[in-house]
Amino acid sequence: MGPQCDTSNTYCSKTNPCLNNGKCNDTESNTPPYSCNCPMGFNGTDCELDERLCKPHKCLNNGSCSDNTSVADCKCAPGWEGTHCDRKIDNCTTKPCDNNGVCRQLLLNYSCECLGDSYYGRHCELTSKKTVLLQTVSKSFAYVAIIAMTLVATFIITLDILKYCFGIDPASDELNKIQRQNQEKKPTPMIQRLVYANTPSPMVAKSISSDEKTSAKSS
């Protein structure tokens, strides 16, 4: 059809119903009056069904899809993981920071924030000179305390063995000496006699008694 008979009047030429680069073929059937030859990986009446293993956006975040096998395989870009490269790799999950350092996730990397100035280094694995000195002094004090406690315990055990096993008490003489000194320091007890001021003396009492007898005879 057309002025120069160069225009096709077929159904496929007018509508081109086949999708995804499918090839349309006119048929004599009316339901439908065409058929589509679909490229590999597509299916359906109009090649509308995408059955490819590696569909678009199958692998996310710039991952590449490989369909060499019966299962699609995603090769993820650096920093991503998962079946569809949909999960960012967390470099802090392995807890790479030592000595309670805090791990901070970075793009394709991580960093360790060391607590205070006691530790430093890539993984906070290096100890500062100040911390080493403090640890040395602390250990020295601990050793001295342990030695002192051991000596005291040994001394007490030795005294007990001498006293209860051999009847020797090295501290008895010193204890007796201390007890004698304490007794010497004690003051001598004093006996106090109370004299009442209103009580008449014996002479006065005798005189009063004689006067009373004289008065009785006179009467």
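From the backbone N, Cα and C atoms, a Cβ is placed for every residue, glycine too.
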Which of C38, C54 is the other half of the disulfide bond that TrEMBL records for C47? C38
Residues with Cβ closer than 8 Å to the Cβ of C38 (disulfide bond), same chain and 6+ apart in sequence? C18, N20, G22, G44, C47
Cβ-Cβ distance under 8 Å, sequence separation of 6 or more, same chain as C85 (disulfide bond); the residues meeting this, in order, are C59, L60, N61, N62, G63, C74, C76, A77
For C76 (disulfide bond), which DSSP three-state class applies? coil
Sort out the residues at least 6 away from either end of the domain 'EGF-like' (50-86), same chain, that have Cβ-Cβ distances under 8 Å to it, and list them. 20, 40-43, 107-108
